[in-house]
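Annotation comment: TrEMBL describes 22-42, 51-69, 75-93, 105-123, 143-166, 178-198, 204-224, 231-250, 256-277 as transmembrane segment.
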Amino acid sequence: MMAWLHDGLLAPFIDFGFMRRALYGSWLLCLSACPVGVFLTLRRMSLVGDAMSHAILPGAAVGFLFYGLNILPMTIGGLVAGLMVAVFAGAVSRLTIQKEDASMAAFYLISLALGVLLVSLRGSSVDLMHVLFGTVLALNHDALALIAGVALLSLVTVVIFWRALIAECLDPLFLRSVSRLGSVVHFLFLALVVLNLVAGFQALGTLLSVGVMVLPAVTARFWLKRVWSMCILAILLGMLACASGLLFSYHCSLPSGPAIILSSGALYLGSAAIIMLKNTRRLKHYSH
């Protein structure tokens, strides 16, 4: 039994450096992305997070076009593109009749098409798959340093602006009525989303990076009500999904990024099934 546990669960991370780097990188990503995902869920902007994950693609593609698969230019390009989309989408929603989700959807479609086109100008289908789906098993020390820096900056920002972020997510109109910082906090929140998506892009690509942000957060929402406890549970669920996804991909020779997201999805579906069954039994009890 102990030998099976060692060979199945521990040996891949002990014996292979690329598995350890993938685990460290994905866990660092969970530390920063999962709390941001909780705020994104409370703000009812989960799908906006998906749109923002595609918004970074043109900037990353420009970096790739000039420097290839170099981490720094692609990161800077993705960050600039994501922030520009956040600003433009916010301006459209404030100066026209368009709602923010509609403007985000428009920019998301434009960004996705433009990014794929730019990558295709220079790269092959392999390069395009790398940009879209990431390569968590190929994380190097530079990528780990970037993710660690983003995690530190994100956590410090969340701690400093904790109350303002909660007010922005739960009642943004109230925050703007009592403080002039409402718009500033909203943009800061979107900047945190973009920053974590750029970090996640290095490991999971633009299409899947939002998964590690949103899925653990919505799963934690099933079980807890307090924001701080949801953040902690989301981090733990994200770490569990990353470890199990990496092991699943290792033993079954499957792509690691989708395996991580599917592991997180399994936790979500399992939690949803348990809660629905529990509520169904409660309704039957009250009906009798």
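Glycine residues also receive a Cβ, built from the backbone N, Cα and C atoms like all the rest.
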Segment-segment contact (the transmembrane segment (75-93); the transmembrane segment (204-224)) at 3 or more Cβ pairs under 8 Å:
no
Region pair the transmembrane segment (204-224) / the transmembrane segment (143-166), three or more CB pairs under 8 Å
no
With pairs fewer than 6 apart in sequence excluded, do the transmembrane segment (178-198) and the transmembrane segment (51-69) have three or more C-beta pairs that lie under 8 Å?
yes
Sequence-distant residues near the transmembrane segment (22-42) by C-beta distance (under 8 Å, 6 or more away from its ends) are 13, 48-49, 136-137, 139, 143-144, 147-148, 150-155, 158, 165-166, 168-170, 189, 192-193, 196, 199-200, 202-203, 212-218, 220-221, 227, 230-231, 234-235, 237-239, 242-243, 246, 256, 260
